[in-house]
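Q: Feature list, courtesy of Swiss-Prot:
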BINDING   28, 48, 51, 52  heme binding site
SIGNAL    1-23  signal peptide
TRANSMEM  277-297  transmembrane segment
């Protein structure tokens with residue numbers, strides 16, 4: 001029951017968003033919640049790539065090291081050309097939406113809002129964060145969001161404190177990041193979306209092309225053996241064939257309308273022991289003092305030598 005709460009919440013947010021902007025082109029990071037206990041497979045692949053087949057660049061910025069019980073920013077960058085559009089489920093052109101997933105080490109989590117700085121509050125305005133599940137507060141999801149205004153998504157992260165949690169150790173930790181723009185090519189059910197290039201299942205000749213009332217196209221193809229095959233192309237992709245064209249098996253019948261894609265990367269952060277920092281500072285101070293004393297001693301010796309005429 002606990003695991004259903006964030007899923008239901010995500011579904012509610014999506015439903016409200018659809019009512020506000022029905023023509024949007026969604027990036028669905030929360031779909032993974034409904035199908036996978038863990039969004040990262042044993043191979044290291046984030047499961048969003050199972051539906052978003054195109055590979056695109058995703059970047060991340062995190063501090064090299066952080067102190068215990070401190071708030072820091074993990075920034076996910078989802079670059080693409082401004083004003084890029086793609087097709088929605090009804091075939092119309094719409095702006096790209098973006099989404100992101102950040103898989104933090106155990107103990108790290110979304111920082112409570114009362115610890116956000118004014119800068120973080122400004123940078124996260126309009127962004128809604130959800131946990132992957134009730135049990136996995138270290139896995140955070142964002143999206144869908146309007147892409148042109150959210151090419152950089154800031155995640156406010158709270159680091160754990162080994163002094164209050166004995167399961168946490170100081171050291172280096174991995175962070176797994178995924179960023180998506182646009183709709184996928186495969187639904188979680190395994191069906192293809194209209195955000196695909198469609199190909200001929202067999203070789204033959206196009207005998208007819210009929211437009212459907214919802215924008216789809218029904219293509220009849222006759223093979224050399226006389227078998228007639230029907231290919232239904234949903235609204236959106238542009239047809240590349242016409243009647244009497246001969247096509248080979250696997251030949252494209254449409255253009256590829258997809259302009260989005262998914263990318264992932266791994267980065268690292270060090271949970272730094274403040275005692276080591278204090279020790280390092282003390283060492284630097286000691287070295288600096290030693291150098292100063294050596295310089296003073298050298299000058300003193302030079303004065304004595306000068307006075308003695310050496």
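Using the three backbone atoms N, Cα and C, a Cβ is placed for every residue, glycine included.
As the structure is a computational prediction, the values presented were derived from the model and not from experiment.
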Q: Sort out for me which one of 48, 51 has the most neighbouring CB atoms within 10 A, since those are the binding-site residues we care about.
A: 48
Q: Over all shown protein chains, what is the count of other CB atoms within 10 A of the CB belonging to residue 52 (heme binding site)?
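A: Around the Cβ of residue 52 (heme binding site), 28 other Cβ atoms lie within 10 Å.
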Q: So, three-state DSSP: helix, strand or coil for residue 48 (heme binding site)?
A: helix
